[in-house]
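Student: A single structure is presented below for examination.
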């Protein structure tokens, strides 16, 4: 395990910052009305790497890769270039660096910056790799905690909607949709009544695979560029009525929020941890040769519109998952499905074994049968208009942390139903 | 109903051509090693609109839209520009046109051209809107022809994989994947044994919607740029083991083939036909104000590797569907899901009421229990290596046809299993 690396940017040298020199996560930001630039978070500052590249101070490739407001072009350079650039950045931002004077003009304060999507999402896939969550969903939706027959053999996933993946801070309208109560003959149309979150990690694919060619878990692991926090907003009533037989669709398509900083796999390397023991042996193509999960502490807070402070409603850890992102990516490509830079893989909802670790309101309120109480005294089963939900996460090092920043969204009232 | 419109390109004036002046479908082509250009099929020729735009002969916008090898930039100009360009093209290619001399240098023979994807697919969604197919699938997969409870209320769809949508003529490897026989305890990994097609139409979204804002069926109809034939290759054994509870994934992700020419909604206008009578009343948001389907004759042929000729294995019509593409697109966006130019919507498998109209081999062979016989005397239940499957389609006018060209793919053997 490394120690805190010291930077000439002194705010990066605190044990509490999300963004010490050990982290160096990648994002996209703008100041006022200026163009969005690629940036690296360091302490309470952002290093404008678009400007630094233009000035010739940091040049990861022979051609510009930061002249676009997303990290896809950089990702496509491949893992060797990722490592070289990270090494350059680490040296340039370290205490005593000769580049300090050249980089200082390209630092901006995070407090004055607007953060944007760090990646142009090619396609979005969501998985279902948390065992406790799968058991809870079985109990709630199908009346039995028994896992689906394939669950211990397949990292089950489904394709989601990339067009509505948004960055932290983006408000989301309560969705309209079709639902049916168990005791009615006909469905109805209107605002979702059971609006929920799902606490997930998102893995960002950095280099692609070739159509028709499977990849191994090790190859998949090397293709993953980094991770973000991911909130898979879910309309449980819409989902419950639509999902048989072809899976979730409109219940998930209205929005997915990610944290603004891509924390690289390199920054998380010291925090690798193995998946839990197998309950049934996996087929060889899915076997894990090195620890594929990471020890990342996660929490979710909920804050009603007029509340003075947020209440922490759950705390868990990414290491609770049964399948790693590398196993998921391997399975995703194994039939010959081409994967591309910018593909986003949601881990599936992360729920630990006890109620205080559950990763969705559906589980925390047991489908509304056991509402929970916020610090303000209000109770909740699902999200009400004006509620802000925030995911946070960090890996805890010795005297430093690798933080993800926030993954935050506020739910706005449904738009007027245009069909009434 | 219009009559055949006469062109100075005489091969376009035949009753048998797929591409009379009434059609004018949009594609992308290249000759030899040259760059791919946008083109319009007319008789046995292609009008190179990239070259014509560069020469100033056809200029749909103030900025170039055909300097990229797909029609997305043109689509984003919107419906008024689509209509204006179609009117210009129709006049320019009509008998007696003053533009004949200016356009002649930009014509190339289809026989010498390689066709490419006409559109950069943003996201791909597949629906399940054929009633006979849904009943057949219920009978075969779940033991009952009863429709799912939601089927008569929702145009059921699921998100598919855009990265493996390929143009007609692209060979597809038999996929590897995980399957489980009913009588074994453990699943196994290897080449798919039940490889299938699905006969579908694909609708191409030409203009987008805004995240958070629903759209009506009429708005959706106006957003659809055109249609292609679509073969949703399906690995039935992989699909059968994986699809509960979150829907098809790897069983569908290895390839989807489309025909190379986008037949515009404008070209199909005369062939509109209403969806069949409702068995249950739809919610108002899905109501159809004008006929949303089209009378398009469809057929599928199958040709083993060494066979002298192909056998027609099914003939049906797009008008068999229960939901239109406009209804599907409306439902897709109704929760606030942003739709974008280049989104591709598969209709779902088109199966008519009798066996000679079934749109998949699973249905034609009733899951292998009733193999069918080809003209060569060979029998088939599913696809064998080397088989070529071809979809064809056209709307039949009075003395002319609006044809789609071919949607063809040959199945290659599985790649070597790298996990053995």
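Even glycines carry a Cβ here, placed using N, Cα and C.
From TrEMBL, for reference:
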- B:22-118: domain 'Fumarylacetoacetase N-terminal' (DOMAIN)
- B:125-411: domain 'Fumarylacetoacetase-like C-terminal' (DOMAIN)
- B:126, B:198, B:200, B:232: Ca(2+) binding site (BINDING)
- B:128, B:142, B:239, B:243, B:349: substrate binding site (BINDING)
- B:133: active site, proton acceptor (ACT_SITE)
- B:232, B:252, B:256: Mg(2+) binding site (BINDING)
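Describe the structural context of these features.
Tutor: Counting Cβ atoms from all protein chains shown, residue B:232 (Ca(2+) binding site) has 25 others lying within 10 Å of its own Cβ.
Reduced to three states, the DSSP call for residue B:349 (substrate binding site) is coil.
Following the DSSP three-state reduction, the secondary structure of residue B:133 (active site, proton acceptor) is helix. Around residue B:133 (active site, proton acceptor), taking its Cβ as the centre, 26 other Cβ atoms fall within 10 Å, counting all chains.
Residue B:232 (Ca(2+) binding site) falls within neither a helix nor a strand when secondary structure is assigned with DSSP, and so counts as coil.
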Student: Count, for each of the binding-site residues B:126, B:198, B:200, the other C-beta atoms lying within 10 angstroms of its own C-beta, and report the residue with the smallest count.
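Tutor: Lowest Cβ count within 10 Å among the binding-site residues (B:126, B:198, B:200) is B:198.
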Student: What subset of the recorded positions B:128, B:133, B:349 has a Cβ positioned less than 8 Å from a Cβ of chain A?
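Tutor: Going by the Cβ criterion (under 8 Å to chain A), the qualifying recorded positions are B:128.
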Student: Say you check the Cα of residue B:142 (substrate binding site) against those of the recorded positions B:133, B:198, B:200, B:232, B:252; which is nearest?
Tutor: B:133
Student: Which residue counts does DSSP give the domain 'Fumarylacetoacetase N-terminal' (B:22-118) for helix, strand and coil?
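Tutor: Counts, helix then strand then coil: 35 helix, 22 strand, 40 coil.
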Student: Give the three-state DSSP assignment (helix, strand or coil) for residue B:126 (Ca(2+) binding site).
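Tutor: In the DSSP reduction, residue B:126 (Ca(2+) binding site) maps to strand.
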Student: Checking the contact step here: among the recorded positions B:128, B:133, B:200, B:232, B:239, B:349, which have a Cα within 10 Å of the Cα of residue B:252 (Mg(2+) binding site)?
Tutor: B:232, B:239
Student: Sort the recorded positions B:133, B:243, B:349 by C-alpha distance from residue B:126 (Ca(2+) binding site) and give me just the closest.
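Tutor: Nearest listed residue in space: B:349.
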Student: Quick one, of the binding-site residues B:128, B:243, which Cβ has the fewest other Cβ within 10 Å?
Tutor: B:243
Student: With the Ca(2+) site defined by B:126, B:198, B:200, B:232, which remaining residues of that chain have Cβ atoms positioned within 8 Å of the Cβ centroid?
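Tutor: Near the Ca(2+) site, the remaining chain residues are B:199, B:230, B:231, B:234, B:252, B:256, B:346, B:347, B:348, B:349.
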Student: Of B:128, B:133, B:239, B:243, B:349, which is closest to residue B:198 (Ca(2+) binding site) if I measure between C-alpha atoms? They're all recorded positions.
Tutor: B:349
